Amino acid sequence: MDPTVVTTAALQSQLPEWTALGPVIVLGLTGLLLLTIDAIWPKRNANTTYAIVSAAGAIIALGITVWYLVAGTGQETHGGAITLFSEAIVVDGMALFFTAIFTSVAALVIVASHDYLKGHENSAEFYSLLMFATTGMALMAVSNSLVTVFVSLEMASLPSYALVGFLKKDRGSVEASLKYFLIGALSSAVFLFGISLIYAVTGSLLLTEISAQFADGGVAGFAGVAGIGVLMIAGGFAYKTASVPFHFWAPEAYEGAPAPVSAFLSSASKAAGFVVAFRVFAEAFMPLLEVTPAIDWALAFAVLAVLTMVVGNFAAATQENVKRMLAYSSIGHAGYALIGLAALTAGGPHNGDVMGAAMAHLLIYGFMNTGAFLFIAMVEYWGVGRTFEDYAGLSQKAPLACVAMAVFMFSLAGLPVFGGFFSKYALFASAVSAGFWWLAAVGAVTSALSLYYYSRVVKAIWIEEPNGNLDVIESKPTGLYAAIIFAAVATVLLLPGFPIALETAEAAASALFA
Amino acid sequence: MVPPEYYLLLSAAVFCIGLFGVLTRKNALYFLMSVELMLNAANINLIAFSLFWGNMTGQTFALFVIALAAAEVAIGIGIILVLYRNFGTVSVTDATTMRW
């Protein structure tokens, strides 16, 4: 360990325990600060101020998170997970890893929104809703009880509904918001009923106590109730991660929402769904795989993973609208990450590897998918159309952004020279070594299919001739440009940096199974 | 004491009534009411089993759920209001600018 790491680690260990929640607190306070500024100096055109304040909040939270990750806060090497509020909150490697994803995506989206929101009213509300949603997600990452899981999930969802409907005079945005809300309200009710059934069987809502109860007495006599409860909880996560069978909202919400919000939801919100799913199932429901009668939720996730990969990728291949294509592709990626749950086995030696690979995939996906949606945001900002034909010849107007878009597309498809290849490779390899070769096979085949529709975008922007609708492009939105370029740089840098990311993720995931 | 199975049956019945409402009603306000029924079905379980297990966890969580349900309705009504302004209706099936 080099000396600087030792100093930062020592400095961190002198802080009181509650500071482990630092990133969450900073995010929440930033949201409140934005509302305060708006209430005290209600100026109509303070968009820049709000963007600076919220970006600063997100970047400070990201900085604290990365510092804790490096210093080893809550990780195996430094005394294990930190629990707060009677174990309802836990700060460990996994929580910090995911908080890093949420805060980086939020920072990128804020920088990009600055241009997108020009000329819109209520920009303070937009940024504060974004900060509150990020706070909810960061809280999801540290939830260690079904109470905090449900409350934080709602804390992340409620601002998201409002964000999707932010363009309140745009019919598409309102319709998207309505559909997102209806399916969200329904699935959170299903999720809550599942929680109440688990409480009925175990008499506790803390993940560790539920796990102990299941391992101790099994589900004697209540197997049916417990099984339905687990399935309903899985349904709630399927909604949050936009997986089959609760994926219907995703294409609508992503297509109708302002594009920066689509970027935020499809990257950060999906990762947030996965972090709670990982923690709840790995921590609380693991014993259910081995008790008699066993409740084989891993099999349920395997079926969902296959369906999600197939549905997402095939539906994406048939789209004419680029944003909708990306929405379906993000459903397909949820299927890949679901392998991280599907390939778990009771006491399996590869559990940490599989889940770690899924986490690393979500990290890289966070950058490449956000970048791709922000490119769409820039095209929307220019007022060019939405279909593949409208994108023809964009590289003549914006070569740099189009290089970045090509990087995102090839990385999402998993071509060998980009970060997306390594994360998919690690994921499929770990699934094979855990004995789930058929999951890896479906993943590989659907990835090959995805290359078709991703390369259609690249072909349109780089090879096809412009068909005359690009004259509307006048300005160069600096913020959007910067965010897209930064996301591309991160996607490329995660190529040499992937071993570090994977190692951190696997260590964090293994700690859950210890 | 009433056996716990009865509570499970009651809550399952309330949940199913809510689900039926969600699936059949087109009016967005009815939808909200049906979701409330589903949430309260979960509350019945939480409170009944709080008594059964002799701890306060379930009752406390039920209070949290009531607060969250209120927040959800608040944002839901807001969305339904802009829906009405844009489409002139509160029917969930009329807003179809995008295909499924």
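Positions of Cβ are set from backbone N, Cα and C atoms, glycine also.
What you are looking at is a predicted structure, and each value in this text was computed from that prediction instead of being measured.
TrEMBL has this to say about the protein:
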{"type": "DOMAIN", "residues": "A:143-450", "note": "domain 'NADH:quinone oxidoreductase/Mrp antiporter transmembrane'"}
{"type": "TRANSMEM", "residues": "A:20-41", "note": "transmembrane segment"}
{"type": "TRANSMEM", "residues": "A:48-69", "note": "transmembrane segment"}
{"type": "TRANSMEM", "residues": "A:89-112", "note": "transmembrane segment"}
{"type": "TRANSMEM", "residues": "A:124-143", "note": "transmembrane segment"}
{"type": "TRANSMEM", "residues": "A:149-168", "note": "transmembrane segment"}
{"type": "TRANSMEM", "residues": "A:180-207", "note": "transmembrane segment"}
{"type": "TRANSMEM", "residues": "A:219-239", "note": "transmembrane segment"}
{"type": "TRANSMEM", "residues": "A:326-346", "note": "transmembrane segment"}
{"type": "TRANSMEM", "residues": "A:358-379", "note": "transmembrane segment"}
{"type": "TRANSMEM", "residues": "A:400-423", "note": "transmembrane segment"}
{"type": "TRANSMEM", "residues": "A:435-454", "note": "transmembrane segment"}
{"type": "TRANSMEM", "residues": "A:480-502", "note": "transmembrane segment"}
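The stretch in closest packing with the transmembrane segment (A:435-454), judged by the count of Cβ pairs under 8 Å and taken from A:124-143, A:219-239, A:326-346, A:358-379, is A:326-346. Of the Cβ pairs linking the transmembrane segment (A:219-239) with the transmembrane segment (A:326-346) and spaced 6 or more residues apart, fewer than 3 are under 8 Å, so the two regions do not touch. Stretch with the most C-beta contacts under 8 angstroms to the transmembrane segment (A:89-112), considering only A:20-41, A:326-346, A:480-502: A:480-502. Count of Cβ pairs under 8 Å against the transmembrane segment (A:358-379): among A:48-69, A:326-346, A:480-502, the largest is for A:480-502. Among A:48-69, A:326-346, A:480-502, A:480-502 has the largest number of CB pairs under 8 A with the transmembrane segment (A:400-423).
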